[in-house]
Amino acid sequence: MSDVSTFKTVLKRKFSAITVFYSGPSGGSLDDCEVYVDGHFGHDSASCGDPLHPCISIPYNSTNVCLSSGQYNIMDRLPSQIRAWKPAGSNGQVPQIFCQKEVEISCDVQPSLYWDRLHINNCQFIEPECTTITLNSISFLNTQLLITSMGNSFNSTVCDCRFDNTKLDLVHYSASEASPPPMTSLSLLRFNNNRMLGSSRFSFWDKTTNKIQSFQELVNNTFDPTYLSQQSPTILIAWIGQHGTDYSTGHLLIQKNVLPSVVLNLHTDDIPDLRIVGNRLDKCDVSLTISGSKSSESLIFIEDNHISTFNLDKQGRDIVLGAVNLQKNVLIRLTIRSNSLPLAIHNNDIHICSISGRGDVGTRGTDVITDNTFVQLNYVSVYSTMGRSGDTYITRNFLSRAEITFISDVKADFYVLDNVWTGPIYNQTEMPALLIAQMTSCSLFLNNSNISGYRGGGINIGGTVQSSIYIKSINVSHCGKGGIVVATESSSVNLRSVIFHNNTSPTAGGAILISGHDNPFTMRDSILIDNQSPHGSAVSISASTLHMDNVSIIVQDDVDQLLVDHSVVILNGNYHYENVSLSCAEERYLASSNASSSLVWSCRPCATGTYFLGRGEVVGDVEKGNECTRCPEKGVECIDGRTPKAQANYWCGKNTSKQLMCYNCPSGYCNETAHLWNSSCIGHRSGELCGGCADGYTLGFLTSACLPVDHCRHEWIGLLSIIPFVYVTVLLFLPIGDGSMWKSMSYFVQTVPLLLKQERQNSIITMFSSLFTTPTNMGSSLLGFCVGSMHYIEREFMSLYIPFGTVFLFLLVCLCILLYHKMGCTMPRRKIMFLTQALDKRSMLSRCTTGLVAGFLLMYSGLIGSYLKLYFCIEIEPERWVMYNAGTEKCDQWWRTILVCTASIVLLPLPLVIIFIRRRLKGTERETGRDVLMVLDGCYRQSTKYWESVYMVRRVVIAVAYVFITDERWSATVMRFLLLTALFLHLVFTPFVTAAGQWLETICLLSLCCLTLLNGQLEERYSHVFLIAIALPFIACLLIAIHKLWTKRKQRLPTSDYEPMLTTEEL
């Protein structure tokens, strides 16, 4: 702005000098008019014309007139000097002048044209020739005025005027070329504070010679549009003469105008002193023609403007020292065409910028484009240069995209540094961020930028000849059609500290594609991550020599893409690499093809039937992971290189050799449908065989799922601790009898969860089965709870507390009663009668004995099941055994020896022990012996008194099949065979003494066989069949119990009066 202020100061001095020069006797003082005219009260006479006796019309030969308000019709001639005059008593309105035909102006008598405060309407003037022109506060309507000024000094001022559909043309001519002008000759123009309407136009034509200094100022002019269309420029400034550089003869200031169109057509010897500052224009066209031979360092300032379209066209001699300076402008479209014109473009907001420089020049200037905001930048420089070529700087700009063409005969540097790429715009989504169409004899430096989200590609450099490309600290990501594409000829490409992330290409080279010959390539300290392409997903380079140093490549999986060859790095040429690392996607092996002048690294999926765990990679320039492994025969499928899928209820893991190992999963631990091999566990489980819990979860009771630790309650320990007391109380006071009903029902309830798939189990079944077994992981129940963080072994031993606690309590009670009787203690008669009635006329010792035996028989299935689960181990790797139901636990723990010895002595031989006990107690007369026999064989016929041992063997076999047969299909088959065998033996031997007991057992076995047939049918139409099969034994048991109670109540007979199923031989 300091340059603009200096320019305005010079203008003021020049205008002051010219005003003094033209004031004097020859022109007459403007304060004293020659003739006064009053259109209302004047009279035309020989003596009219003074202020007291004004004329009513303007005299024909008058040159200096003062007009009062009124309307004046002009027929032929108008004075060259007119101003408004307000006589006493007038209304002070502005005089109105109407022309009836073409009118001449009296500049032939008075050469100075001075009009002040007038309305001029419908006038067309014959071209006058005036030396000094002053139009002040004039309102023109439908008027055409062409004024010519000829001489060695000029002064034209047009201020505060209103132009409505009016055309004003001013022309300055120099005097004869034979008489050169003096050194003080001036050509001055001021066009300020005017208002233009409709299709009005102002033009100024400066046709003076190069010895006359020219100053023009256009300031604070405005425009109001009307219904009339604008066909021509609103303001036109034309320099037709040759303004030279000896005296800096051309000066033009355009400031604070609000206009639709300004056209500048300037012919000069050098860059003119042009300032375009603070304007709001729809369009501005500047045409420069420079023809002189001398050079200066003048600048064209274009600053702080809002212009929709700005066109700058420069022709003539090439410019090296001066420049066009554009700064702080807001431009919709900027177009600059020149044949060598240095540019300095700073701090502008430009939507579309097109810069084109072409021609044959001696020296090309320097262009500097910094700190701007562009939506699109098009830069073309095509020069045939005899001397030096200046550099180009495009730095610190905000860019959506840029297109560059640079062709030169001599070496030049082109810097594209520290720019911010803002992303593509909606209508150019298929274009790259930076497109260099052609480049010749150029060193390109592209540094410090981040390019992301361009579907048309990141950087595209084509047609590069005899150039050098240096790209450093560039991040290109999420771009289509390649991160960087370069086509070179006899050119070098150097990449350093670049990052290419998630770029794609439809052809080759997802991150980098370089083609050509005689084109050395170097890449250092770079990272390429997750780039994709059908061919060479990361790098595809054809070069004369290739050097890669400290480059890291991470590959994204492309198994879902069609028509890809899975190649990652393709190098064609004499290559050398050092400290290069490559990491394939998970489960992709590294395929390598090496030759003396080519290298191909591919990350391939394995063929169907094979797999690869981990990643193929290059580490420390060493290739690893380049073979696939045959898929295991069972439990998993390996198809088309996809992630191996484990079958339903299978767990898969990888061993230390990175090979798959798959095993049947414990019930309720693994996914019930096909799943990825590394996503087997459900219910927040984790670890080998899904035997552990995820972080923040722990094992619980009544559920196979892991429960959140923060949901656990220690108060549940109190509930678990009283369960043995509840069992003891129930078994003491309930009538155990011969046990046909509770034996059949307990066996049924304990066996159902072993037959049903996990999804068929529910809270009711789990709860009932837990009444007769350990409440661990038999089913997934909403009733699950936890008492704190614990692992599998802790939970199993804690759950064993219930059966052992029950048996121990019974033993303790029986021992106390026995000691009580041995010591001969007596009780009061009232208490004896009460207990006798409460215990149904049976002794306390008898109740205790039957409860102890019944409780042990009920708990036996749960105890044997827990023992087998703790005992069962599998070898998941050579010499590495883990517990099947707790894969995170090893099998070489000290307590397992004690468990095996104890169970082998106590639990497994129990069926034989029962036969032995029965034989020893046969025929005994002692009450305790009879109680034991009643529980063991009281419900069986005489010939099948051993059936309790068969019952226990059946329980053991079922438990063994459930625990040790892990394959679900084989488990279902074996279970079906065992239950059908049990049903067959039951029907053949009919072991129960009563028909009710025989029928209940038959119904329970039939229901279990039905469940083995239906298990695995997931369709909803089978749901009611499952419910019927499960509910039928309960209904039969309930009916039998009701019938027994009804019969007992009616006949007051003991329940043993049921008709025995005895043969004549047994009687």
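Just so you know, the numbers here start at 1 and follow the chain as drawn.
Keep in mind that glycine also has a Cβ here, set from the backbone N, Cα and C atoms.
Within the chain, the transmembrane segment (716-736) has long-range Cβ neighbours (under 8 A, six or more residues past its boundaries) at 701, 742, 785-787, 798, 801-802, 805-806, 808-810, 813, 838-840, 847-848, 850-851, 854-855, 934-935. Here TrEMBL flags 716-736 (among others) as transmembrane segment.
Taken from TrEMBL, the feature transmembrane segment covers 764-793 (among others).
Per TrEMBL, the feature transmembrane segment maps to 799-820 (among others).
Nonlocal intrachain contacts for the transmembrane segment (851-874), taken as residues 6+ away from its ends with a CB within less than 8 angstroms of a stretch CB, comprise 663, 727-728, 731-732, 736, 739, 742-743, 746-747, 750, 772-774, 776, 793, 796, 799-800, 802-803, 806-807, 810-811, 814, 881-885, 891, 896, 899-900, 903, 907-908, 910, 931-932, 935-936, 948, 952, 955-956, 958-960, 962-964, 966. The transmembrane segment feature in TrEMBL is assigned to 851-874 (among others).
With a cut-off of 8 Å between Cβ atoms, the residues of this chain six or more beyond the transmembrane segment (894-917) that come close are 793, 860, 863-864, 867, 870-871, 932, 936, 946, 948-950, 952-953, 956. What TrEMBL records for 894-917 (among others) is transmembrane segment.
Long-range contacts of the transmembrane segment (971-992) within its own chain (CB-CB distance under 8 A, at least 6 residues past either end) are made by residues 740, 751, 754-755, 939-941, 944, 947, 950, 954, 957-958, 961-962, 965, 998, 1001-1002, 1005-1006, 1008-1009, 1012-1013, 1015-1016, 1061. The transmembrane segment annotation in TrEMBL covers 971-992 (among others).
Within the chain, the transmembrane segment (1024-1042) has long-range Cβ neighbours (under 8 A, six or more residues past its boundaries) at 741, 744-745, 748, 752, 756, 760, 765, 996, 999-1000, 1003-1004, 1007, 1010-1011, 1014. According to TrEMBL, the transmembrane segment annotation covers 1024-1042 (among others).
For the transmembrane segment (799-820), the list of distant contacts is 701, 720-721, 723-725, 727-728, 731-732, 774-776, 844-845, 848-849, 851-852, 855-856, 859, 862-863, 866: same-chain residues at least six beyond its ends, Cβ to Cβ under 8 Å.
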